[in-house]
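Scroll down for the structure; my scribbles are underneath it.
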Amino acid sequence: MARVVVDVMLKPEILDPQGQAVANALPRLGVTDVSSVRIGRRIEIEFDGEPDLDRAREIADKLLANPVIEDYQVRVVAAAEVA
Amino acid sequence: MTMRIGVVTFPGSLDDGDAARAARIAGAEAVRLWHGDPDLHGVDAVVLPGGFSYGDYLRCGAIARFAPVMETIVDAARGGLPVLGICNGFQVLCEAHLLPGALTRNQHLHFRNRDQWLKVEATNTAWTNGFTPGQEILIPVKNGEGCYVADPATLDKLEAEGRVIARYIKGNPNGSQRDIAGITNEAGNVVGIMPHPEHAVEALTGPSLDGLGFFTSVLRALAGSSAGGQLAGGQQ
């Protein structure tokens with residue numbers, strides 16, 4: 001199976017209120033040694049044939065991420081890794 | 001001749017009916033445009049209404065940007081067609097790169113739904129020429145992802161070029177940088193605004209009639225341009 005994983009994260013300088021809300025809730029679990037939580041999105045793309053990283057990058061840049069506020073990383077996942 | 005204002009309906013648009021009604025109350029003919037139809041049917045201006053285009057799946061406005069009608073609107077906007085994006089429409093304009101920056105989750109994570117005071121700043125755009133600079137207006141705001149962000153250089157450029165069309169006053173409902181509620185492009189024909197002027201066009205249903213000024217402004221701009229002048233603030 002040809003799977004490409006795209007990880008999209010808000011840029012470090014962009015406030016992540018969702019992550020902050022989670023970080024603020026952690027003490028209620030008794031967790032007091034976490035200083036920051038950032039929440040992103042993982043997208044899995046399956047190609048019919050060979051994984052095409054360049055096309056995946058184009059998809060990520062145009063649609064999956066908004067480069068104004070988000071960074072993204074694109075990588076091929078080995079078949080053994082695919083759950 | 002009656003000006004024709006197109007109002008786009010995407011799957012998930014909510015305020016297209018109100019936007020069309022506001023256009024009619026302002027004295028225009030409202031023309032409904034469909035997201036899947038690239039033809040603008042000869043309209044003189046376009047409104048991208050509020051709502052949740054394509055369910056806001058992925059990111060607000062991200063999928064609407066690739067709608068067939070948007071491909072045509074992007075080209076027409078670059079050619080000077082007046083385009084107003086309200087709320088989700090503002091998000092679509094940013095995703096389509098017709099306006100800089102992006103709209104992110106409200107800083108406090110809560111959906112905000114209230115009547116909001118704004119100060120109108122730039123009045124040399126197609127959609128704000130009927131206001132006076134510094135005029136305070138009251139129109140509803142309702143959004144969950146209305147926090148305007150851009151890098152400091154972009155924000156400085158917007159300020160220096162007088163492209164902030166309205167700022168939140170008496171409270172910032174979503175954490176927008178520099179209290180920005182709306183901006184325009186360099187030519188002044190494309191405007192995005194987070195609050196909803198189309199909900200403030202008659203006494204029965206809105207907190208004021210202040211929103212009508214956006215729709216009457218564009219008619220004035222169009223009348224001026226058809227008389228041989230250029231669009232207010234336009235450089236086309």
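Cβ from N, Cα, C; glycine included.
What TrEMBL records for B:C87 is active site, nucleophile. The active site annotation in TrEMBL covers B:H196, B:E198.
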Local backbone state of B:E198 (active site), from DSSP in three classes: helix
Taking the Cβ of B:E198 (active site) as the centre, count every other Cβ atom within 10 Å, in any protein chain shown. 31
Just to verify a number: CA distance, B:H196 (active site) to B:C87 (active site, nucleophile), in angstrom, no decimals. 7
Could you tally the C-beta atoms, other than its own, that fall within 10 angstroms of the C-beta of B:C87 (active site, nucleophile)? 29
Excluding its own, the Cβ atoms lying within 10 Å of the Cβ of B:H196 (active site) add up to 24
